[in-house]
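Taken from TrEMBL, the feature Mg(2+) binding site applies to Asn7, Glu386. Here TrEMBL flags Lys14, His211, Met212, Gly213, Ser214, Gly215, Asp286, Thr287, Arg288, Gly333, Ile334, Gly335, Glu336, Asn337 as ATP binding site. Taken from TrEMBL, the feature substrate binding site covers Arg94. Annotated active site, proton donor/acceptor per TrEMBL: Asp151, in sequence order. Taken from TrEMBL, the feature site 'Transition state stabilizer' covers His183, Arg244.
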Amino acid sequence: MNILVVNCGSSTVKYELLSMNDNTDNQVIAKGLVERIGIPGSRLEYKTNHQVSYSKEREVPNHRIALEWIIEVMTDPEIGVIKDPSEIDAVGHRVVHGGEKFTASILIDDEVLKTIRACSELAPLHNPPNISGIEACQALMPKAPQIAVFDTAFHGTIPEYAYIYAIPYEYYEKFGIRRYGFHGTSHRYVAGRAAKMMDKDPSKLRLITCHMGSGVSFTAIKNGKSIDTSMGFTPLEGLVMGTRSGDLDPYILLYLMEKENLSTKEMDQILNKKSGVVGISGISSDTRDIEAAAPTNHRAQLTLDIIAYRAKKYIGAYYAILGDLDGIVFTAGIGENSSYIRKTICEGLEPLGISIDKDKNTVRRREAFINSEQSKVKLMVIPTNEEFMIALDTYQLVHDLER
Ligand code: ADP
């Protein structure tokens, strides 16, 4: 079954065409992205499993035109991988917010699309482009089932006492203010891989999965289910991120807004775009730049110290709520690559049975154990693969439909 995975951002469409079957030899046939949609200089990038690599500029005013272009390239007689769009059997869409309604992936019909639209209020920057992508694919591939895979869904198992904030309860009832959590597809994928690596039944494992990319979230997973996660009502809460603050005393907002006479929009920019790694360091949002600067720059070193310190606090907290711990997984750009950050997070946690192996920890971008022999807790690096998870959900749901 050929499955197209579509991930629409405000000015990008990332795509992957995968051939899925019941065996384990699933493969990516083609992948790429269209960027700068609606901005001068739009371009498409495309790569196939037959070494074709293609990149071109063209005006792309909206997501529909972007997807038309993607299909045009994939069906091109010279560089294409399929002859006709009808060879795409199903489409899996990444949808950021599923609210309280969607706790699993689902076949998209009018009712589902309506609910996804209603969730836009909770993710005004993310759900609208996701919806544009769904509508474009429905028009371009009317026969292919469309499946929505939500970033929030995996966290649908978080108990009420962990998702309700200690503000007047009426705001939960009125506006749905609660912890939702994000990166769910990534946490679910790496937790599944961790169970395989450990050769254990996922329903018997207690894990902390650390997704550390430009956005950062940690999840406590008990017996295969998310029981708490660090991102909350929005992806702003929790750990230190590239440009986002993570946790802070909420009164700081009021104080700053008054002192600096800031509008809510300006405050939003500060918390989401000017804080985190770039805010503390004043150098860059990319931890590679910070690691390079740290030996001679106090604020760069301070940034790294804060990242590790906060990560330790979350690991300690999640260890406590899990009651015991079998494994910690590091994933996404930082988690998969930075041996320095992995090391500094684990340092000092030996009394908790967490001990990293210096040599094994040099690994990058591949699945590996990085714990020492005596470590009670297994430490793992696992490259995330949200596209594969979306394709797998799509494959399984479409299979169920056909039965
Ligand atoms: P996104 O969340 O945007 O998908 P990624 O998961 O690709 O991002 O992570 C991007 C981040 O990963 C970059 O901001 C960078 O800080 C970090 N990163 C990538 N490679 C390295 C590396 N070798 N060492 C340290 N950090 C890295």
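Each residue, glycine too, has its Cβ placed from N, Cα and C.
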Other C-beta atoms that fall within 10 angstroms of the C-beta of Asp151 (active site, proton donor/acceptor): 26
Among Asp151, Arg244, Asp286, Arg288, Ile334, Glu336, the recorded positions whose C-beta sits under 6 Å from ligand 1: Asp286, Arg288, Ile334
For Asn7 (Mg(2+) binding site), the one of Met212, Ser214, Arg288, Ile334 that lies nearest, given that the binding-site residues are compared by Cα: Ser214
Which recorded positions sit within 10 Å of Ser214 (ATP binding site) - Cα, from Arg94, Asp151, His183, Glu386: none
Fewest other C-beta atoms within 10 angstroms, as judged across Asn7, Ser214, which are the binding-site residues: Ser214
Neighbour count (Cβ, 10 Å) for Asp286 (ATP binding site): 16
Count of other CB atoms lying within 10 Å of the CB belonging to Ile334 (ATP binding site): 25
